[in-house]
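Working notes for the structure below.
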C-alpha cells in the first residue's frame, strides 16, 4: 500500500517542483545567475548614491560642522557593517540561498512573522524611493529645461516633466531581470560619480561666499531641533542600498568552493569607496562654500556656469532612471510572485506588461500629486530606511548566530540597534514638520 501511495505521489511532486523551477527561472530575481563581481559594484553604487547626495550640504547646514561630519562618518561605518552582515547571511545555510530580503527575515523570525516584519518595510522603502525618484527625475528635467531656455521659453508645469520622465520607465520596466538592466545601471553609476564631482568641483571654483555663515540654519530653538532631526533622516536616506543587496547578490553564481559572498563583497567595497568619493566632498565642500545659504539641492545654489549645471541635471536624470529600475525590480518580483504563485496567473509577457505598467503609472500618479521632495525623504527615511539599513540586519544576526553576551559582536550589534532605533524615532518628526510647512503653501497639480 505504501509503495503504491509513493508511486502516485511522486510524478505530481516532480511536476510541481518542475513548475516551481520554471517559475523561479522566470521571476526577475532568480532568473539569471551569471553576474560578475563588478556588476555588484555598480548596482550597489546606483542603489546607494541617490539624488540624496545633492541634499547633503543642506543637511550639513542643519547639523553644523561637528555633528555633521560625525553623522556622515558613523553612518558610513554602520551601514558598511550591516551590509557585510547581509552579504554573509545570504548563504549561511549550506546549499540554500536567501535571494530576497524577506526570505532572510523568514529564516530569522519564522515563516509568518518574518514576512510581516520585512515585506511592509521593504515595500515602503522601494515604492517610496520610486516615487521620490519620479519627483527628482521630473524636477531635474524641469531644471535642465529652465537653465537651457534661460527664461525664453514657455513655462512648463512640473507635472508634465514627471510624465516625460515616467514615459522612459514604461519602456525600461519591461526588461526582465537585474542582469538585463546592468547597462542602464552602469550608466547610472558613472553619472552619479560625475554629477557629484560637478557639484563639489563647481563649489570649489565658486569659492567661499564672502559673507559665509556656518551657524545653524534655523534661528528659533524648535526650528533648530526639528531641522537637526530632519537632517538625520536625509543622511539616513543617503545610505540605503540594503533593501536590494540580497537581490543583487542573488544574480551572482555560487558554488561551495566559490561562494557568492567573495565577489559580492569585493563589489561592495568598491561601491563604498565610490560612495565616499561622492558623499564626503559634496557635503563638506558644498557646506564650506555656501554655509547655511545652501539650497536643499546644491545644483540650484550653483546657478552658473549654465552649461555645466544643465549637464549635471541631465546626469541626475540618467542616474535616477537607473536607480528607479534597481529599486523597482524587487517590487516587480514580489508582484509577479504573488500573481503567479498565489493567484495562479500563467507567467508570461502579458502578465509582465500589465503588472509593471500599472506599477509605473501608480508611482507616477503619486509623484505628480505630492511633489514636496525634501520632507518626504526625511519622513520615509526615518520610518523604513533606518530599520532595513541600520538595525534589521543586526537583529537577524543576533537571532541567527546568537553571539555570546557582552562579546564584541554582541556589543557592536546592540550599539547599531540603539542608534538605528533613535534614528527611526527622531527623523520622521523633523520630516513631518517640513511636510506640514511645505503643504501650507502647496497647490495641487500646479
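Including glycine, each Cβ sits where the backbone N, Cα and C put it.
Annotated in TrEMBL:
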DOMAIN    34-430  domain 'Amino acid transporter transmembrane'
TRANSMEM  37-56  transmembrane segment
TRANSMEM  63-84  transmembrane segment
TRANSMEM  113-135  transmembrane segment
TRANSMEM  156-175  transmembrane segment
TRANSMEM  181-202  transmembrane segment
TRANSMEM  269-290  transmembrane segment
TRANSMEM  310-332  transmembrane segment
TRANSMEM  353-373  transmembrane segment
TRANSMEM  379-401  transmembrane segment
TRANSMEM  413-436  transmembrane segment
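Contact between the transmembrane segment (379-401) and the transmembrane segment (113-135) is supported: at least 3 Cβ pairs lie under 8 Å, counting only residues 6 or more apart in sequence.
Looking at 37-56, 181-202, 353-373, the range that has the most CB pairs within less than 8 A of the transmembrane segment (156-175) turns out to be 353-373. Here the transmembrane segment (181-202) does not touch the transmembrane segment (63-84). Their Cβ atoms form fewer than 3 pairs under 8 Å, with each pair 6 or more residues apart.
When each of 37-56, 63-84, 269-290, 353-373 is checked for Cβ pairs under 8 Å to the transmembrane segment (310-332), 37-56 comes out on top. Cβ atoms under 8 Å from those of the transmembrane segment (63-84) belong to residues 56, 214, 216, 228, 231-232, 235-236, 238-239, 241-242, 245, 265, 268, 272, 275-276, 279-280, 283-284, 287, 389-391, 393-394, 412, 416, 419-420 of the same chain, restricted to positions at least 6 beyond its ends.
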